[in-house]
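**Q** Just dropping this structure here.
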Amino acid sequence: MPLQDFLFTSESVTEGHPDKMADQISDAVLDAVLRQDPKGRVACETLLKTGYVMIAGEITTKARIDYPKLARETVRRIGYTSGDMGFDANTCAVLVAVDQQSPDIGQGVDTGGAGDQGMMFGYACDETPELMPAPIQYAHAVTKQLAKARRAGLDLLRPDGKSQVSVEYRDGRPVRIDTVVVSTQHAESVSNKRLHEAVREQVIAKALPKRLLDRKTRILINPTGRFVIGGPMGDTGVTGRKIIVDTYGGMGRHGGGAFSGKDPSKVDRSAAYMGRYIAKNVVAAGLASRCEVQVAYAIGVAEPVSVMVDTFGTAKVPEGKIARAVREVFGLTPRAIIEGLDLLRPVYEKTAAYGHFGRTEKTFTWERTDKKEALADAAGLSKIRAVI
């Protein structure tokens with residue numbers, strides 16, 4: 001029997017969090033390659049610590065990339081531009097250790113096979129207009145508003161920050177927000193009182209639906225009392241360490257593979273995007289109110305070795321019909337995914353902060369619901385509706 005009354009918590013981090021800085025630099029490298037060479041192969045990792053950035057990986061491309069310039073431009077855009085923030089785009093060292101992709105991998109990928117083995121998941125539900133779980137969507141809303149407020153002139157804020165939102169569910173539906181945690185890097189001179197007032201008024205009040213907040217909602221702002229040292233000075237940043245923030249906030253499984261810094265021949269990324277595309281269209285079609293899709297691949301093999309659809313008991317037709325409809329409507333080879341979602345465009349740096357899913361920008365092609373009618377027809381839902 002599924003749990004019906006519970007609290008579920010998800011977290012998000014800002015673009016100035018050190019791990020997200022690493023993700024954005026890795027994806028900035030990927031975008032730079034794709035602008036010049038759409039067939040380039042990229043597996044780029046970034047590490048940041050006080051005063052330096054290290055870019056490493058396997059990149060095979062005709063493109064000419066100025067890695068130090070690219071890294072500094074990304075850090076500058078994020079907002080680290082002076083030493084008092086703990087990191088300065090203008091003075092940081094940039095180390096580069098980049099080699100080419102192994103020809104052993106390339107021989108399988110070049111013929112259309114998957115770039116690695118592994119399993120990937122996609123998830124969707126009807127809790128929010130974006131068909132995302134409510135906790136992660138609200139957590140992202142808070143961190144996005146933190147960055148927006150900082151850029152709009154709330155100069156007591158610094159780029160590093162995190163949010164955590166606990167949502168209360170009754171009968172399996174989100175009904176209220178129980179707890180909001182916001183931890184934000186700040187100027188040393190600001191008082192706790194001023195910071196708390198600013199975050200409540202300029203961030204939380206603008207980011208979260210008023211109907212879900214009540215007098216019992218707990219709001220915790222910088223619970224340790226101080227957050228001056230942040231960014232790479234406070235914590236080492238590494239690509240691929242925020243994979244739950246990147247996806248569904250823990251509501252929905254994860255295959256373990258990170259996204260950022262990987263070109264779409266890597267199914268860790270492209271098949272996870274396709275999984276989201278499928279799950280979202282299943283829910284949008286009215287076939288289920290929750291849907292999780294798993295696909296799995298073998299390295300060098302084009303077709304997935306398995307496809308699974310789980311609707312958690314919410315399906316309007318037998319799950320077997322939905323699974324067959326998925327195979328009928330969607331191409332699941334790496335080449336079909338890349339072509340179907342138009343993944344050879346330089347659109348990835350935007351994905352590297354505030355979630356890869358649940359976004360409304362047109363460049364996020366895996367968020368379209370343009371297959372819902374075809375899915376409903378293939379699964380026989382339109383016939384059921386006609387009879388009813």
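Here the Cβ of each residue, glycine as well, is placed from N, Cα and C on the backbone.
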**Q** Out of 101-111, 255-265, which range is noted as region 'Flexible loop' by Swiss-Prot?
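**A** That would be 101-111, the stretch labelled region 'Flexible loop' in Swiss-Prot.
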**Q** Determine which of His17, His356 appears in Swiss-Prot for the same ATP site as Asp160, Gly161, Lys162, Arg226, Phe227, Asp235, Arg241, Lys242, Ala258, Lys262.
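**A** When Swiss-Prot describes the ATP site, the candidate it includes is His17.
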**Q** For the L-methionine site that Swiss-Prot assigns to Gln101, Asp235, Lys266, which of the candidates Glu45, Glu58, Glu188, Glu319 is also assigned?
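**A** My reading of Swiss-Prot gives Glu58 as the candidate in that site.
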**Q** Would you identify which of the binding-site residues Lys242, Lys262 has the most other C-beta atoms lying within 10 angstroms of its C-beta?
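**A** The largest 10 Å Cβ neighbour count belongs to Lys262.
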**Q** Need this for a regression test: binding-site residues Glu45, Glu58, Arg226, Lys262, filtered to those with Cα within 10 Å of Asp19 (Mg(2+) binding site). What's left?
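**A** For Asp19 (Mg(2+) binding site), the binding-site residues whose Cα atoms are within 10 Å come to none.
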**Q** In whole Å, note down how far the CA of Gly161 (ATP binding site) lies from the CA of Glu58 (L-methionine binding site).
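**A** Cα-Cα, rounded: 31 Å.
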**Q** If we count other C-beta atoms within 10 Å, could you say which of the binding-site residues Glu45, Asp235 has the fewest?
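**A** Asp235, out of the binding-site residues Glu45, Asp235, has the fewest neighbouring Cβ atoms within 10 Å.
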